[in-house]
Amino acid sequence: MPVTMPGCNTDCVEKPISIGFQKFGRFVGSNPWWFFLSPLLISAVLGSGFYFLEDREANDIEEQFTPVNGPAKLERQFVQQNFPLNDSVFSNQRLHTDGVYATFIAVSRSTSILTAAAFKEILSLDGKVRALNVSAGSEVLTFDGLCARRYKKCIPNRVLDVYNYYGDLFEQTELTFPFFPFGFTHLFLGYSVGGVRVNSTVLKSARAIRLFYFLKEDNRSRTDLWLNEFLRVFPSNLSPRFIKVTYSTSLSRQVEFEANTKDVIPLFSITYVIAIAFSILSCLRFDCVRNKVWVATFGVLSAGLAVLSSFGMMLHIGVPFVMTVANSPFLILGIGVDDMFILISCWQQTNVHDQVEDRLADTYKEAAISITITTLTDVLAFYIGLMTPFRSVRSFCLYTSTSILFCYIYSVTFFGAFLVLNGRRESRNHHWLTCKEVPEECPIGQSKWYELCCVGGAYDPHTGSEEIQPMNHFFKRYYAPFLTKPWTKRCVILLYMIYLAVSIYGCFQIKEGIDLRNLAADDSYVVKYYDDEKTYFSEYGPNIMVIIRGEFSYWDEKNMSDLESCVENFKNLSFIEKDIFTSWIKSYKYYGHHTKLNLSAEHIFKDNLRKFLRFYSDFRQDINFTNNSIHASRFFIQTVNISTAIDEMNMLNKLRDTAQRCPVPLLVYHPTFIYHDQYAVIVSNTIQNIAVTTAVMLFISLMLIPNPLCSLWVTFSIASVIVGVTGFMALWDVNLDTISMIILVVCIGFSVDFSAHISYAFVSSKKPTANEKAVEALFSLGYPILQGAVSTILGVVVLSASKNYIFRTFFKIMFLVIFFGLFHGITFIPVFLTFFDMCSLTWSTKINKDKQGLEDQDTGNSHSNNIQSKTKQTDLKEKQIYYNHTFLSDNNKPCYSKSCPAIWSLAGNNEHLQNSQMCMISTIPMFTVDSQTYAVHMYAAYDNAMFTINSPPKWI
């Protein structure tokens, strides 16, 4: 009765791909030089795209790290259309953007900065800033010529005006906070004086003073020259005794962000050296013929060529190069080396006596599905990442996915071709370094050093494959048997439960959003400024515009009642300061009350509004009053105690929610909302990417892994690793932001890799029990998976030394992805598969049925050595031998070669089996006589034919 694979296998896609790759491997093996040189030529051509690198750089923070078409960008467009800036009446609270400015914060070295000594040093710095000039051709650019003006005067820092007014009496003057009556106005000191200690409204002490120097926005090239000169000169003036100074400009964040790219260039060189060193060390053999030093070197080179080709192609077609893309080469290096280890492992299991092209064919047949699954999942994970609204993520995903494709192509062409060239050298038993022929056995009288350096070409005489490496031996003899023990499995389940519990706890601790200070290097002057700003000036947050959209009947009492109700709703928010409110409507009503105007009549309201605006010119910028219609207007509310990303997220959500619930059509806007918009999409977009990608991963697994249940386990592994990475990254102080979202996309792809390798090896195993399948899977791929994981971590570990948050975050999350992916691949998944190997049960049932049929046919023939054969004469390479246990012949040699009488008698009837060095025999029921266990029947499946062997070899 023929033995067939169980019905739960779905190899309709897997089998043709394996056969196709087998044919392709034979073609590459027959034409290695063509496949070796072509990638080099292609890389040289595409690599020329790096000529355009400088032109393709796109590191604008707003453009790359804020959502495309975010609500705040549309709100800003509305503000710009309806409330154009008036350069002659500058107002920083009415700016559409952050503005153009230089700034510094002076922090007292004592308990209070409100001293004459401290202010004299501040005034000295103020004078140097105002005296700063820079040459622009024949023109000298001065602060006075570039400054933003109000009534023809540069915008002053009013806190300095207060000091200058009181002079020597300043320390005795009782200042009030946050408003201080000065002249005919009340000065708001909340943005200028920080770290305050107040008794009621009386200012007792303050730690910091902040000064701004705003410039006009009409000519950015001129103002940029002055600001760059400020950054060059100002630090040299910082030698005060009584204050510490930090500084920044409107350019600083962008300039420092762009400078970070230079930080990573030397790190990539270090990574490449580490990758080559590790690969060589992993592939080092104490056999001067089988040594894989050159194979490892060219494997790393293959990954490098993939980066060169893919990046060059992207630059040629004009894809923007964002700083986040600089992380990609580290990742690709790890992926390429991972594929290399899988291919080397499969190559070493082929028969060294076969033709080299046949060895590569067998290698591709075994490895093709495994590396194809991981490549497809990685590439699709990144292409799905293109759905994100962040341009930086899109660029990273496009560059990286293309690099992975090139890495895959070069692995099966360039690297495969080199395997053939190296295999030819090995087949001639030539030395790995000198390429001179060496003996297989050490001549008598030669030293150990001679044997080590000049003797090689060893292989396993039983299997014909290369000798088992020590780490493979470790996985087979120690790790896998230990892992499959019942008590070990229980411990693994407990460990998984702990892992899952900690991960879920961490997921609830996750914080959202990127802190803009993290876009600069740790030692940047910008970081120090942001730290001081957060420490001393977080009490008063942004001054928010509330905009009335469209034409609105301001004179209608019902409408005004609705508006006043909405205003009260805003004021009742916990982060809004009720007493700080700027509104032209409030002032106009006050004006109408004192002039006894009936503002409930439309014509009176509009006619007198023009008169009102002549007296209160600041409010002209708050009303779009054209063609005798009010198309839009705005008022301002003051936020307080906005110091963390969570505060910013809650503020934005509640402000927009309050505006949406108002019966009056309202918008809320502040320039910082452009960056806060990420909070509205980061979580939903991350979940969307993960859900879509996981569904695609499941589909690919179902198509390529010949076992539906194991495909579900691969999908489960994805979900489990994502939960773990998300939870532990929160515990490791990493926020969910655009940077971590990129790497969570990576996580989806990488979480498949190791589990897919093991799952595919598990279901491809012909062992009859789940435990034995797990042992064989770990024996075959445990070490390559470990090598791939270590190589990937080594590829990114140098980023941990970076001064930049983006690169350190990349390292942290990639470390978690690889560590948890590895642990799932070689610990959790093998154990879980042994519990849920339903197909194994089906296989066992099938064997029992076949066994019963055999017993019925062979009753009474238990001592016969007759062999009944129903086979046809075909190539052994196209057949499969199913086996369970190893038997011993009479001379106690393993029963898998000609030394075993049972198999030798079988081989005597079939020349193809006779030439085989691997013909294992499976067992069916045993019986015990005198403490010795014997087989009643044995059978082997060969080309869907059944052989019955009725002999009693001893069972191990």
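Glycine is treated like the rest: Cβ placed from N, Cα and C.
In TrEMBL, annotation is done automatically, which means it is predicted and not curated.
Quick caveat, the model's predicted, so the values are computed rather than measured.
What TrEMBL says about this protein:
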type: TRANSMEM; residues: 33-53; note: transmembrane segment
type: DOMAIN; residues: 264-421; note: domain 'SSD'
type: TRANSMEM; residues: 264-286; note: transmembrane segment
type: TRANSMEM; residues: 293-317; note: transmembrane segment
type: TRANSMEM; residues: 329-347; note: transmembrane segment
type: TRANSMEM; residues: 367-386; note: transmembrane segment
type: TRANSMEM; residues: 398-421; note: transmembrane segment
type: TRANSMEM; residues: 487-506; note: transmembrane segment
type: TRANSMEM; residues: 687-705; note: transmembrane segment
type: TRANSMEM; residues: 712-732; note: transmembrane segment
type: TRANSMEM; residues: 738-763; note: transmembrane segment
type: TRANSMEM; residues: 775-801; note: transmembrane segment
type: TRANSMEM; residues: 813-836; note: transmembrane segment
Which residues of the same chain, at least 6 past either end of the transmembrane segment (293-317), have a Cβ under 8 Å from a Cβ in it?
39-40, 42-43, 45-53, 56, 272, 275-276, 279-280, 282-284, 325, 328-329, 332-333, 335-337, 340, 344, 398-399, 402-407, 409-411, 414-415, 418-419, 422, 432
At an 8 Å Cβ cut-off, counting only pairs 6 or more apart in sequence, do the transmembrane segment (687-705) and the transmembrane segment (712-732) clear the bar of 3 or more pairs?
yes
Counting Cβ pairs under 8 Å to the transmembrane segment (712-732), which of 33-53, 398-421, 813-836 comes out on top?
813-836
With CB pairs under 8 Å as the measure, which of the listed stretches 33-53, 264-286, 775-801, 813-836 comes out on top against the transmembrane segment (487-506)?
813-836
With Cβ-Cβ distances below 8 Å as the criterion, list the same-chain residues six or more beyond the ends of the transmembrane segment (33-53) that contact it, or say none.
302, 305, 308-316, 318, 321, 409-410, 413-414, 416-418, 421
Could you tell me the mean pLDDT over the domain 'SSD' (264-421), as a whole number?
87
